[in-house]
Amino acid sequence: MSLICSISNEVPEHPCVSPVSNHVYERRLIEKYIAENGTDPINNQPLSEEQLIDIKVAHPIRPKPPSATSIPAILKALQDEWDAVMLHSFTLRQQLQTTRQELSHALYQHDAACRVIARLTKEVTAAREALATLKPQAGLIVPQAVPSSQPSVVGAGEPMDLGELVGMTPEIIQKLQDKATVLTTERKKRGKTVPEELVKPEELSKYRQVASHVGLHSASIPGILALDLCPSDTNKILTGGADKNVVVFDKSTEQILATLKGHTKKVTSVVFHPSQELVFSASPDATIRIWSVPNTSCVQVVRAHESAVTGLSLHATGDYLLSSSDDQYWAFSDIQTGRVLTKVTDETSGCSLTCAQFHPDGLIFGTGTMDSQIKIWDLKERTNVANFPGHSGPITSIAFSENGYYLATAADDSSVKLWDLRKLKNFKTLQLDNNFEVKSLIFDQSGTYLALGGTDVQIYICKQWTEILHFTEHSGLTTGVAFGHHAKFIASTGMDRSLKFYSL
């Protein structure tokens, strides 16, 4: 029977046994270990050299002691080094075992902590949703209507509580006029010059998909239905989903900044405020919600309509919202108070509105209807000043160019029409493939490019109105498209639950 050292796993030359652990060791190894640690290496109990019990076994004849210059001396030195390595290896094995036990314990603790955090997060989210639904910043709403103003409703409709409408006061009208004057002056100064930083058409034509994100909205209720970019920082992306949520996403860090919950139905329109950390959303639940991004909370609920809200646009002042609805009305609301200032319908039409968009100057705006009409309205007078017929299906999207005199419109007739607001006529029609659906139209900030999203994404250069770019990456219908600053990138969303970016 051979004895094996518990430290080196080799047959010992001078075996001994520890009465503390009953293990066999090579005497020279265990003496070195005791000199360093004073314990038994197996159970860490106190152990001294005197306690070691030698085991009598037959030994081979030992060679004479080696001299310092002989090969046996070298072998002896190697033996000592090997002994040290064995001791170190044994210590490392013990430490590894201890570390494994500690890691296992830490993983169990981490798993338990994650479960607690998830439960608490769910409870906090539910509490916030309840608060946003039951008490949407009641303290911010002005308790009394403006005494000097009268409610302003044009056309026939269901009777309304007069206390809900404040009216277009002279101060508001003057504010709108002053802003329009400033914007018109700035546009004239710019003239027809194109910013030097704007991406050239030959560069834009080389754009390819560079990123795709599918984790913004729920996978169980797929579909991103609305898209907007922050005008002051186009790296901040706003989306609205079929999962009833509004999401703020940072393109540069690829992180979700906020997930805003409160709508009871899908979110179909979203708008970013250009200078405040506010975002706006509209839904078929007949509400418009104003959200604080830093607080991830709803600060105001605007109840301007009796039916689904179909369009949303922010006035250039940043203080007022335009909305359209299936209830055949458009409404003009104050974002600070959440009050509806005026609510108007065209009694001659009697048709639901499908979209709404402010002109860049803010004194006129356009609405689309279910019966193929595009209507231009004077905001100050609340009157319909022009109609653009020509489409043969419900209007799906309208977009004003920053140059101030182009209007692009799309409908369920697989075409995009371009209108000259100065001459009030259609000067160009982009006839698309049969059954091509258009859900989103937008000009870039310079008015140089027009993007449309629907069956796929197409980019046109204005004036020539020729297609320079075509993307088919979405596996579902494209619902939103937008340009980055100076068209440095293009963003799109679709029913495939993805947010995609295109650039060089």
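Even glycines carry a Cβ here, placed using N, Cα and C.
What Swiss-Prot records as N6-acetyllysine, among K32, K244, K423, is residue K244. Record check of K179, K251, K375, K380 in Swiss-Prot: the feature N6-acetyllysine is attached to K179.
When each of the modified residues K244, K261 is scored by how many other Cβ atoms sit within 10 Å of its Cβ, K261 comes out lowest. For the repeat 'WD 4' (348-387), the residues of the chain that approach it from at least six positions outside its boundaries are 152, 154, 168, 173, 176-177, 179-180, 183-184, 187, 307, 310-317, 322-330, 332, 342, 393-402, 404, 407, 409, 411, 413, 419, 421, 424, judged by C-beta separation under 8 angstroms.
When secondary structure is read from DSSP and collapsed to three states, K261 (N6-acetyllysine) falls in the strand class. Outside the repeat 'WD 1' (219-259), and at least 6 residues removed from its termini, the chain residues within Cβ reach (under 8 Å) are 211, 213, 265-272, 274-275, 279, 281, 283, 289, 291, 293, 296, 440, 445, 476, 479-485, 489, 491-499, 501.
S2 (N-acetylserine) has none of the modified residues K122, K179, K244, K261 nearby, counting only those with a Cα within 10 angstroms of its own Cα. With DSSP states grouped into helix (H, G, I), strand (E, B) and coil, the repeat 'WD 7' (473-503) comes out at 3 helix, 16 strand, 12 coil.
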